[in-house]
Amino acid sequence: MSNFAIIFGITTSYWLTYGTQYIGGTGVGQSRAAWLVPTTIQLVPALILAVGILLLPESPRWLINEGREQEALTVIAGLRRLPENDLLVQMEYLEVRAQKLFEDRVSVHDHPNLQDGSRSSNFKLGVTQYKSLIANPANLRRTLVAVIVMLFQQWTGINFIIYYAPFIFRQIGLDGGSISLLASGVVGIVTLLGTVPAVLYVDTWGRKPIMIGGAVIMSICHFVVAIIIATCRDNWPAHKAAGWVACSFIWIFCMTFGFSWGPCGWIIVAEVFPLGLRAKGVSIGNSSNWLNNFAVAMSTPDFITAAPYGVFIFLGIMCILGVGYIVFFVPETKQKTLDELDAVFGDNSGRSQWEADMMLQAQRDVGLLRLAGIEEGKTGAAHADSSSDHVDEKHPDSHWDTDANKEGTSSLGLSKSLSNRPLSST
C-alpha cells in the first residue's frame, strides 16, 4: 500500500502540472501562474502534514517502550475507534507488548553486559546489533541480498524515468510542452495500474519469477528505446511515429516495474532476515535504496545529455545483471519458514527456531495466546497458562523453558495465524 500511495501522489503531481500549463496558454504568452500554481499547491499537503503531526498521538510501540502501557492501549483503541476492552484492540495491544518483550529478552540473552540503560550502553548495543548483520557468513549473505536487491531496484532506472520524464520525452522527439507533460502523466497512471497485479498475485506466483520476468521485460524496453534514439535522434521530425513507439516502451517499462521490482524488492528484503535481525536488516536495505536513489538522481541527467541512447543501454544491462543476481543468489521466500531460509543461507545454528520459540513464549506471557483462544482444551495447539500474564522482565530467563515444538505446534505457524488477523502495524 505504501508503494501504491507514493505512485498515486506522483501521478497526481504529473496531471496537476499538465493541467496548470494551460493557464494563459501554452505558447509565448503563458502566464507565470502556470508554474507558480503547482509550486504553491505543493505547500498545502506540507502544511497539512505539519499541523497534523501536532495532532497525532504517540506511537503505541514507542509508548510501550517507555513503559506507558495504559496510554498505548488508549491510543490503539482511539485509532480503531473501539472500546479498550474490545477483543481486536486487546489483541493488537498484547501483540505490541509481546514484540517488545521478545526484543528485550533477546537483547538480554545476547548482550547481558549492555543492559544498564545508560547512553553509552544503548549506543554500544545499537552498534553491536548492526554488527550482527555481518557477524557470520549466513547473516552477511542475508545483508548482501538486502543491499544488492535495493541497488538493482534503483538501477532499473525507475526514478530516472519518474524524476525526469518530461525531459526524457523531449529527448525522443516529443518536444511540445503539452505532449511531454501528457506523456509524463501517463507514466504515473501505468505505474499505478502496475501495482494492482502485485497485490493480487505476489503470493501465488512467487517473488523470484515476478522479479526475473519483470527485469527481462524492462531490459527489452530499455534496449528498444536505445535503438530508436540511436537511429532517429538526428531527425526526430521525420520519425514522429518512432518517438511514440519509444514512449510506449517507456510506459511498458513503468507498468512492469510497478508489479515486479517495485513491491517484490521490499518483500524480499523483509523476508530474508530472522526475527531478531529484521528491523536492523530492513533499515540497511532502506539505506541502500536511498543511497542508490541519490546516485541515480544525480548522475542520469548528465548521462542522458552526453549519451542519449547510452543511458538506456546501461540501464538495460543493469536489468540483465539483476536477473542474474536474482537467479543465482536470491532464494525464493514465498511460503518459506524461517528454518527453511536458515538452511538456504547456510545457518545451522538453530537461531531462527530459538527466536520463534521466544516469540511464542512472549506471546504466551503477555496473555495473547489465551486471548486468541489458542490454549489447551480449545485447539490443543498450545497452552496458555493464566498465571503467565505477569512477566518478570528483570529475569526473563525464568520463562524460557518452553519449546513450541514440544507442544505440537510450530511457533512460526502460530505467528502467521496471528498476523493474518486484521491488526494494523504500529
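Glycine is no exception: its Cβ is also placed from the backbone N, Cα and C atoms.
Under the heading compositional bias 'Basic and acidic residues', TrEMBL lists 386-406.
Annotated compositional bias 'Low complexity' per TrEMBL: 410-419, in sequence order.
According to TrEMBL, the domain 'Major facilitator superfamily (MFS) profile' annotation covers 1-334.
The annotation transmembrane segment is assigned in TrEMBL to 35-56 (among others).
Positions annotated as transmembrane segment by TrEMBL: 144-165 (among others). For the transmembrane segment (144-165), the residues of the chain that approach it from at least six positions outside its boundaries are 10, 14, 180, 183-184, 187, 191, 215, 218, 222, 250, 253-254, 257, 261-262, 265, 268-269, 272-273, 281-282, 284-286, 288-289, 292-293, 295-297, 300-301, 304, 311-312, 315, 318-319, 321-322, 325-326, 329-330, judged by C-beta separation under 8 angstroms.
The feature transmembrane segment is assigned by TrEMBL to 177-202 (among others).
If you look up TrEMBL, you'll see 209-229 (among others) marked as transmembrane segment.
Annotation source TrEMBL lists transmembrane segment at 241-259 (among others).
Look at TrEMBL and you will find 306-330 (among others) tagged as transmembrane segment.
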Listed stretches 209-229, 241-259, 306-330 vs the transmembrane segment (177-202), most Cβ pairs under 8 Å: range 241-259
Given the transmembrane segment (209-229), its same-chain partners at Cβ distance under 8 Å and 6+ residues beyond its ends are 152, 156-157, 171-172, 198, 201-202, 242-243, 245-246, 249-250, 252-253, 256-257, 259-261, 264-265, 268, 308-310, 312-313, 315-317, 319-320, 322-323, 326-327, 330
Mean pLDDT across the domain 'Major facilitator superfamily (MFS) profile' (1-334) comes out at 89
Long-range Cβ contacts under 8 Å made by the transmembrane segment (241-259), restricted to residues 6 or more beyond its ends, are 7, 156-158, 161-162, 168-169, 172-174, 183, 186-187, 190-198, 210, 214, 217-218, 221-222, 224-225, 228-229, 231-232
